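So the structure is just underneath, and the comments pick up after that.
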Amino acid sequence: MTAPSAPTRSSIEVLVVEDEPILRMDAVDLVEDAGYMALEASNADEAMEILRNHPSIRVLFTDVEMPGSMNGIELAERVHREFPNMGIIVVSGHPRINKSSLPIDVDFFAKPYQAKEFTRTLTRIAEAV
């Protein structure tokens, strides 16, 4: 009997949470161009529902500023508590975000971020979890 193989890159799911449709579309394209499957949410409440219904999601990629019951930092904290093995990437157009306010092991990118650097980080996280 052979050991189960690691999931292929194209089967790894990444949840993109961004309230701005154009920015969300760009983020989804970036995730898919890196070879991963992207799911989309426009706010944290929608993201939590998707996460609960798709336990196969391996990475959360969220913006900080968004409408709804919580912002991206609060979403990252909640996901870190409820899904401790999930990789998390937080992005913001406000680079003065205090990184110490983020959960441990969360990667942060200031917008605009470099696609190559983001893809490298996404790959490291997605293939480690």
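Note: Cβ is positioned from N, Cα and C throughout, glycine not excepted.
TrEMBL annotations: computationally assigned, not manually curated.
What TrEMBL says about this protein:
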type    : residues : note
DOMAIN  : 13-126   : domain 'Response regulatory'
MOD_RES : D63      : 4-aspartylphosphate
DSSP helix/strand/coil residue counts for the domain 'Response regulatory' (13-126): 49 helix, 28 strand, 37 coil
For the domain 'Response regulatory' (13-126), mean pLDDT (0 to 100): 93
